[in-house]
Amino acid sequence: MQCAQYTAGHCHSCQWLNKSYSQQLSDKQQHLQQLLRETSATYWLPPVSSLISGFRNKAKMVVSGSVERPQLGMLHRDGRTVDLCDCPLYPQYFQLVFESIKIFIAKAGLVPYNVARKKGELKYILLTESRASGEMMLRFVLRSETKLAQLEHALPWLQEQLPQLTVISANIQPTHMAILEGEKEVIFTEHKMLKEIFNGIPLYIRPRSFFQTNPEIASALYATAGRWVRELNISSMWDLFCGAGGFGLHCADKETRLTGIEISAEAIACAKNSAKSLGLEQVEFQALDSTHFALDKAQLPELVLVNPPRRGIGKALCEYLSRMAPKFILYSSCNAETMAKDIAALEQYRIEKVQLFDMFPHTEHYETLALLIFDGK
């Protein structure tokens, strides 16, 4: 992949851009195999490769510059700004969307926030696309509510220019710290969420819910999880750290008793919408802490699926699963190092199969899916 910003030394977010893509995949696979060398897997499946450009469905842009000539991109620690509207990780048509947003920022008088001076209003724009429909969600992250009326008044022009923007909102983030979003969300449109479809499964994206940024690989990851689980012929499962329900909904059928747990109420609302659309009556989603939920239960289902944040599932949940010994654990991870530590702590389990999914090309990061089977006495 060619990137003018990388070549010019303006952006090095893609740390591995100087490696061939085949070398990137090989290095990631070797890294994963080294991490799991003490817990040998029965089956190592080949890594799932990604598109190398145009694969991202979400842009998180720092807004800088002036209200007349805003920039959308990133802010270096030394205060330098870089416009990344031509970033090749996004589909090319995102550039036209960004240009219209820049014009709108000027029309609406949304002064970019100046970090050094602690002045201005508009901090970020967050753009997400549904690949299924082409519809988009646009969020303006503002320092205060001062410009809300001004923003809303100017919206008809933006909606005329970009009719694919079906969800538009403002998030209020008043603190000076480098926090992407705040607690308050103001939605300006009739539609409150985007609908995405992976493998025939409807999934929903609300403004403050997490969703994977590489839809092709996310779709393959969910489909693989569903296929592995169906081969086990189970009737009950938990989906811990379930997000918008992508994993559990791919694994469950109308007979499966599925409980999905996620701390984010926004994500749980999305998961419930999906389950309702699919007519899954034995599926339940709850907005709770996954570890606290599990530790409170005296009985476990046949399979526990975990998809934790980068820190892993942690000591308490590892000890609980070791003690309660569900027959299967399906572990999905965005941090293979913490996953390897967790698996090492699950001493009574063996890895039946493991596969790498290249969710983040041109970086050292990747997703892993591992099926663990209880092998204790």
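Just so you know, the numbers here start at 1 and follow the chain as drawn.
Any Cβ shown, glycine's included, is placed from N, Cα and C.
Swiss-Prot annotations:
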type	residues	note
BINDING	CYS3, CYS11, CYS14, CYS87	[4Fe-4S] cluster binding site
BINDING	GLN212, PHE241, GLU262, ASN307	S-adenosyl-L-methionine binding site
ACT_SITE	CYS334	active site, nucleophile
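A gap of 17 Å separates the Cα atoms of CYS14 ([4Fe-4S] cluster binding site) and CYS334 (active site, nucleophile). Within 10 Å of ASN307 (S-adenosyl-L-methionine binding site), counting C-alpha to C-alpha distances, fall the following of the recorded positions CYS3, CYS11, CYS87, CYS334: CYS334. Cα of PHE241 (S-adenosyl-L-methionine binding site) to Cα of CYS3 ([4Fe-4S] cluster binding site): a span of 35 Å. Rounded to a whole number, the C-alpha distance linking GLU262 (S-adenosyl-L-methionine binding site) with the residue listed as 'active site, nucleophile' is 17 angstrom. Apart from GLN212, PHE241, GLU262, ASN307, the residues listed for S-adenosyl-L-methionine, the same chain places the Cβ atoms of PHE210, CYS242, GLY243, ALA244, GLY246, PHE247, ALA267, PRO308, SER332 within 8 Å of the centroid of those Cβ atoms.
Counting every protein chain shown, the Cβ of CYS87 ([4Fe-4S] cluster binding site) has 25 other Cβ atoms within 10 Å. CYS3 ([4Fe-4S] cluster binding site) sits 25 Å from the residue listed as 'active site, nucleophile', taking the CA atoms of both as reference points. Around GLN212 (S-adenosyl-L-methionine binding site), a 10 Å sphere centred on its CB holds 22 further CB atoms from the protein chains shown. In sequence order, GLN5, TYR6, HIS12, SER13, LEU17, LEU84, PRO88, LEU89, HIS362 are the same-chain residues whose CB sits within 8 A of the CB centroid of CYS3, CYS11, CYS14, CYS87, the residues recorded for [4Fe-4S] cluster being left out. Looking at the residues that bind S-adenosyl-L-methionine per the record, GLN212, PHE241, GLU262, ASN307, the two CA atoms farthest apart are separated by 15 Å. The shortest Cα-Cα distance from CYS334 (active site, nucleophile) to any of the binding-site residues (CYS11, CYS87, GLN212) is found for GLN212. GLU262 (S-adenosyl-L-methionine binding site) falls within a strand when secondary structure is assigned with DSSP.
In the three-state DSSP reading, CYS11 ([4Fe-4S] cluster binding site) counts as coil. Taking a C-beta cut-off of under 8 Å and a sequence gap of six or more, CYS11 ([4Fe-4S] cluster binding site) has these contacts in its own chain: CYS3, GLN5, GLY73, MET74, VAL82, LEU84, CYS87.
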